[in-house]
Amino acid sequence: MPEATLVIPLWADLTAVGLGGVQGALFASGFRGERRLDLLGVAIIGIVMGMGGGLIRDLLLNVTPVTLQSNWYLLTATLAALVGMLLAGVFRRMNAVIVGLDAVVIGLFGAFGTGKALTLGLPMVPAIFVGVCSAVGGGILRDMIMGLPVAIMHVGSLYAVAAGVGCLVLAGAHALGAPLVAASIACIVVTAVIRLLAVMFDISLPEQRALYRRKVAVETSAIPIIKP
Amino acid sequence: MPEATLVIPLWADLTAVGLGGVQGALFASGFRGERRLDLLGVAIIGIVMGMGGGLIRDLLLNVTPVTLQSNWYLLTATLAALVGMLLAGVFRRMNAVIVGLDAVVIGLFGAFGTGKALTLGLPMVPAIFVGVCSAVGGGILRDMIMGLPVAIMHVGSLYAVAAGVGCLVLAGAHALGAPLVAASIACIVVTAVIRLLAVMFDISLPEQRALYRRKVAVETSAIPIIKP
Amino acid sequence: MPEATLVIPLWADLTAVGLGGVQGALFASGFRGERRLDLLGVAIIGIVMGMGGGLIRDLLLNVTPVTLQSNWYLLTATLAALVGMLLAGVFRRMNAVIVGLDAVVIGLFGAFGTGKALTLGLPMVPAIFVGVCSAVGGGILRDMIMGLPVAIMHVGSLYAVAAGVGCLVLAGAHALGAPLVAASIACIVVTAVIRLLAVMFDISLPEQRALYRRKVAVETSAIPIIKP
């Protein structure tokens, strides 16, 4: 397999990291628990959302985390988190923009994850799995660190499903011989479109069957910027 | 060290993954929080329970995760989770079977973990540690993702202890020169027997001493299929 | 880069692990939820606090975890946790000693993390990041496993900040050509002093701005030995 297929351009990677950092800060600034987040807490959530996907991808692939090979990733994520925090009010008024950017970010992380996995020789199913983990891993880590129930586990707008279908398109096109760049762009577009349609038309997966009653003291929050 | 000792037969590995996936789905189908799990949530719990142990083992050993080298692991775990969800009612009536299978699964994951660690040259104590992490790691990940207190941390039937004793038997027998397959079978038997005796006779570890009062708002759930 | 710079003396590493284990047991013995921790739970928290930092560091650096290459790490952490549990009452009366030791432990883990990252060739910013993750990673894992909100995320005494400044001093001194041992000692001293001053004078980071109201059912606990 040629090395060249592995290269994710730094600007694309940093764009995803920066957008993730802003999303993290917006989430954190909407958070209100018994104890308050301090500035560091907001920065941590920004870093987790911006870099978590890439870290999880590289851990699963057992390669040295690329986000730690350059100063730019951490600087970008932290700066984006601080900007996101300070301008949270402005961003909130541009809800549509945020939801749109978020949909693109999921697509970017999914494409980077599945693409890297395929170029490392993983079979199709685990390559898609790695892509989905990259796309939603930052959000899962965020929820776990904040002590919230993991948003994507619960009935809601298709988030992981959008990433999954996008990554499936990438892996399928790659298997059929399409160039990786074209397949990645298709992945990003498909993911973003499914996610946006799900938000617009409030589509969700069916609830699981045969629920038994057992109370757990959780009050949840999911993605506040979308359903305030 | 000969390569041959490292080989876990695919059918054995997939059996453990499948049983783990079913267990995960049964757990998830018994869950009832403020927000409901959707189908994806059930599948995620199944994947986490079926593949979490192997992923944690390979991360700790810093080797490429074997569960991502083939399509079969993810397909097996997901399929098992869906079957487990649809047949949750049936499975619940066969409680004894489930508890028995669960005990065998802990033994399998413990044996695979400790065996792989030993063949990679780890000393005895960390090899046992890796085995126990493999055996109980899926359950820990499940509880963390679902926002529940981690079941094995609390007073209950011996779960991690059973895995620990089984892995100790494996490592001890290996140190005394026993072949790895025989030692692994002993590990699985010992783990399962201890676990089943603990469930049957309701044996548990002594509570920690010197508890001070501090309330934390957790309502817990542990392993619902065993103590409904 | 010479191999020699990478060596952390085993006694220093085990000292940090042992102190971490004691801290973990003291934390666990102060914990009182709906379900009680058993002896194993206390041992797990001790292992997590003593070995978590080193494990996270080695995972981020994609190297084989050094804490699993020898029997001593797990034995030290477990023994320290049991001693910590049995003598919790004694330790509690020596609060100043505990806070002081804790400050030194953060410094040790931070110095080991950043030092190892630098010798592996990481740039400055990610090297500092790895150091901070090593310093506070054990506490984050502990909180996640116990289902508590992560202490360092919330308004409180400077914990991660102390580690960050210390690691920055190490990386800066290293960039200016200082020997790694001297830079590491400076890191430990700076971290411990900032942490102790923050505890003594109750200094904290400013709260994040622009908080919106949203209740989440968390009752938190942070570091009970410091603010009982």
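Including glycine, each Cβ sits where the backbone N, Cα and C put it.
TrEMBL annotations: computationally assigned, not manually curated.
These come from TrEMBL:
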DOMAIN    C:10-87  domain 'Glycine transporter'
DOMAIN    C:101-173  domain 'Glycine transporter'
TRANSMEM  C:6-27  transmembrane segment
TRANSMEM  C:39-60  transmembrane segment
TRANSMEM  C:72-91  transmembrane segment
TRANSMEM  C:96-114  transmembrane segment
TRANSMEM  C:120-141  transmembrane segment
TRANSMEM  C:148-174  transmembrane segment
TRANSMEM  C:180-205  transmembrane segment
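Scored by C-beta pairs under 8 angstroms, the transmembrane segment (C:180-205) has its highest count with C:96-114, from the stretches C:39-60, C:72-91, C:96-114, C:120-141.
Residue counts of the domain 'Glycine transporter' (C:101-173) by helix, strand and coil are 58 helix, 2 strand, 13 coil (DSSP-based). Residues 1, 6, 20, 24, 48-57, 60-61, 63, 106-107, 109-114, 150-152, 159-160, 163-164, 166-168, 170-172, 175, 187, 191 of the same chain lie 6+ residues outside the transmembrane segment (C:120-141) yet bring a C-beta within less than 8 angstroms of a C-beta in it.
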